[in-house]
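Note sheet for the following structure.
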Amino acid sequence: MGQVHILHADMDAFFSAVEQRENPDLQAKPVIVGGVNLSNRGVVSTASYEARKYGVHSAMPIAKAKKLCPNGIYLPARHKLYQAASAKIFSILKKYTPLVEKLSIDEAFLDVKGCEKLYGSAVEIAHKIKEEVKLKTNLTISIGVSVNKFLAKLASDYDKPNGLTVIKKEDIKKFMRNLNIDNIWGVGEVFAEKLAEADIYKASDLWSYSLEELKSNYGKAGVKLFFLARGKDKREVKKQNQIKSISHEETFIDNLKNQDKIFAYLFKMSEKVSFRLHSNSLKGITVFIKVRYADFSTYSRQKSLKVALNSSQQIYQIAKKLLLKNNLLTKSIRLLGIGVSNLCQEGQEQLNLFAQTDDQLDKTIDQLKRKYGFDKISRARKLYLDQDD
Ligand SMILES: [Mg+2]
């Protein structure tokens, strides 16, 4: 019968909602939480719904957000706090089914097939989760319920915040008909432009094409599109979405040769990797780098350490050494990548004095940023970039 059994649960404007909960003065105000690195070069992590009215959204540069929303309240991220709320939310989700696939700190898929006898239908379970999350965390969550992951995710997004949307099998066609093409997984800006050339703007515009046509026009992506445009998705909810590594890479518009500039980028990228490790309460023992030159030749190098780390300073220092020691800075660089792998949960790693000292430094900088505002506190390395732009 194809009964709905997949849930996609997603907290509403999570980081800013936690900040608004912690400080009642912030309620109903445009609150913008930024990354660990909160200079004007940093990006927005979460914007409250009040801030979104000004056009502010996540991943937008802080500098741009401040132009759009000069009266916004800009706060540095407090990951310990969000992590604590997240742990509570996930313990609620796991009560209803063992099949919880964590997508991020505030988002998960659940498969509740077989749990109905204990907790009621999938829709009843969604109601119960919403109530319990509100009661125990004083935060709201949006849930989509459907027959597969793709539709459940579309459904959770449909009526945010505090939504509960169900897409039953018989509603799929109606729901997909007017869906814009860029809402389909895997369709980014570039692909959407390509599809627009063939007058394909909505999911239903794809219905007249055969699988073979889409495959020959767009390759593998075309095959995916054929099924997703009809609301079909066979991926199963996997119990633990184990993150293997966290990395960041950048392709430069002009190839880079200047060492100081390369190190400045490397530092910025280390901060991004560190931020994402912190957000997921992870540490790793292997730092790796990737370099691609103008002729597209590509080199990777890595170093494993005795102690797991997630501080931007340490990641940066090790990556810098890898570049220098392996003589990778002799030609101009087209792409630079940096990452950390061999991950473990924070708290499960071996502690040593060195790691603790460095964590403390990150914390102190965070505190200073909170106290004096993001713009004023920036490690010396970043000043190079700030002046350059
Ligand atoms: Mg969310």
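Backbone N, Cα and C define each Cβ position, glycine as well.
Pulled from TrEMBL:
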DOMAIN    6-188  domain 'UmuC'
BINDING   Asp10, Asp106  Mg(2+) binding site
SITE      Phe15  site 'Substrate discrimination'
ACT_SITE  Glu107  active site
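Distance from the CA of Phe15 (site 'Substrate discrimination') to the CA of Asp106 (Mg(2+) binding site) is 9 Å. According to DSSP, Phe15 (site 'Substrate discrimination') is assigned to a helical segment. When the Cα atoms are compared, Phe15 (site 'Substrate discrimination') and Glu107 (active site) turn out to be 12 Å apart. Note: the Cα of Asp10 (Mg(2+) binding site) and the Cα of Glu107 (active site) are spaced 4 Å from each other.
Around Glu107 (active site), the same-chain residues at least 6 positions away in sequence with a Cβ under 8 Å from its Cβ are His8, Ala9, Asp10, Met11. DSSP gives Asp106 (Mg(2+) binding site) a coil state; it is part of no helix or strand.
DSSP assigns Asp10 (Mg(2+) binding site) to a strand. Using a 10 Å radius centred on the Cβ of Asp10 (Mg(2+) binding site) and all shown protein chains, the other Cβ atoms total 22.
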